[in-house]
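Visitor: TrEMBL lists 1-19 with the feature signal peptide. Residues annotated as domain 'FAD dependent oxidoreductase' in TrEMBL: 5-324. Per TrEMBL, FAD binding site is recorded for Thr43, Ser44, Val166. The D-dopa binding site feature in TrEMBL is assigned to Tyr223, Arg278.
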Amino acid sequence: MAAPKVAVVGAGVIGLSTALCIVETCPSCSVAVLSDQFSPNTTSDVAAGMLIPHTYPGTAIHVQKQWFKETFSYLFAISNSAEASEAGIHLVSGWQIFKNTPKEESPFWSDVVLGFRPMSKAELQKFPQHHFGQAFTTLKCDCPPYLLWLEKRLKAAGVQMYTRKVSDLWELHSQYNIVVNCAGIGAHHLVGDEKLFPVRGQVLEVHAPWVKNFIRDGDGSTYIYPGIHRVTLGGTREKENWSLSPDPDTTKNIFDRCCSLEPSLQGAQDVKVKVGLRPSRQSVRLNREVLSQGGVKLLVVHNYGHGAGGFSVHRGTAKEAAHLVGECIAALQGSSSRAKL
């Protein structure tokens, strides 16, 4: 059969990295990325891009750990290369702090990040309201440059990028053999997924070059993540809130919370506000599906619903989605050879 044609719907970090993994694992197929929004206007552009996993209640821990491990290894190699600054990836050390000792003193990912250990009494003096903490080094991804770096890699591999709003996967069946759904929160309407809901996140980006260490409150509500050029301050987790408009009261609340953890932020300059909708569900949807209409079949692979943890597992889930695309190609080739018989 002719080279299989694959359409990836969505151009956030999940869509672009999935397209890249498909090109790497199935070089014979032709790949296109279709999205109504590309960087800098995707949800991923708002993400802080810190590799600290979020736990999915509906997914086995060993699977989540594998996704995180693959993502960490991939980004660590980039951070250790000449492309690190262009890709926006760097190592950052810091603290995750708790008012009360958590049930699990070592999370499942503690042996993937670097140098994980309990904080010393001396370190905890920096945070008088907190009584337990973990110190470690992880990776931070500045999202807009990383998305542009992924796009550049895709274009070099011959992947076509089309600005196009896809309202129904069926509209692609005449042009493509396989459709990969990486539509994020858009999957709510695109495939009618009622299990998918937005968790609104508002963050601030400030100029505070003296802040070198990350600080994350253990409940994930307040965090300070230094990037290459700016520091991200957060945040909010507002379930079922679809609003993309910044809220001034929330901005003040985030700033005050972050200053209570790092008082020097009072001197931060040039505050920019960003809002994104995390595509959340109990577990990432990562599976194959055959749609059929009037005897016509369309092979679909879904990879969406990463919520707050997309950056931490994006490469791992992209590799798994690419493997599923490989299975679809094998099925297509099997049916075309049977048709010849």
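Cβ coordinates come from backbone N, Cα and C, glycine included.
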Visitor: Show which residues of the chain containing Arg278 (D-dopa binding site), separated from it by at least 6 in sequence, have their CB under 8 Å from its CB.
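Guide: Counting only residues 6 or more apart in sequence, the Cβ neighbours of Arg278 (D-dopa binding site) under 8 Å are Thr43, Ile185, Pro198, Val199, Arg200, Gly201, Arg237, His306, Gly307, Ala308, Gly310.
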Visitor: In this structure, which of the binding-site residues Thr43, Ser44 has the fewest other Cβ atoms within 10 Å of its Cβ?
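Guide: Taking Thr43, Ser44 as the binding-site residues, the minimal 10 Å Cβ count falls on Thr43.
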Visitor: Just to confirm my parser: what is the rounded mean pLDDT across the domain 'FAD dependent oxidoreductase' (5-324)?
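Guide: PLDDT averaged over the stretch: 96.
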Visitor: At the Cα level, what's the spacing in Å between Ser44 (FAD binding site) and Tyr223 (D-dopa binding site), rounded?
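Guide: Given the Cα positions, Ser44 (FAD binding site) is 17 Å from Tyr223 (D-dopa binding site).
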Visitor: Where among the binding-site residues Val166, Tyr223 do you find the Cβ with the fewest other Cβ atoms within 10 Å?
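Guide: Candidates: the binding-site residues Val166, Tyr223. Fewest Cβ atoms within 10 Å: Val166.
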Visitor: I'm trying to understand the geometry here, so how far is the Cα atom of Val166 (FAD binding site) from the Cα atom of Tyr223 (D-dopa binding site), in Å to the nearest whole number?
Guide: 35
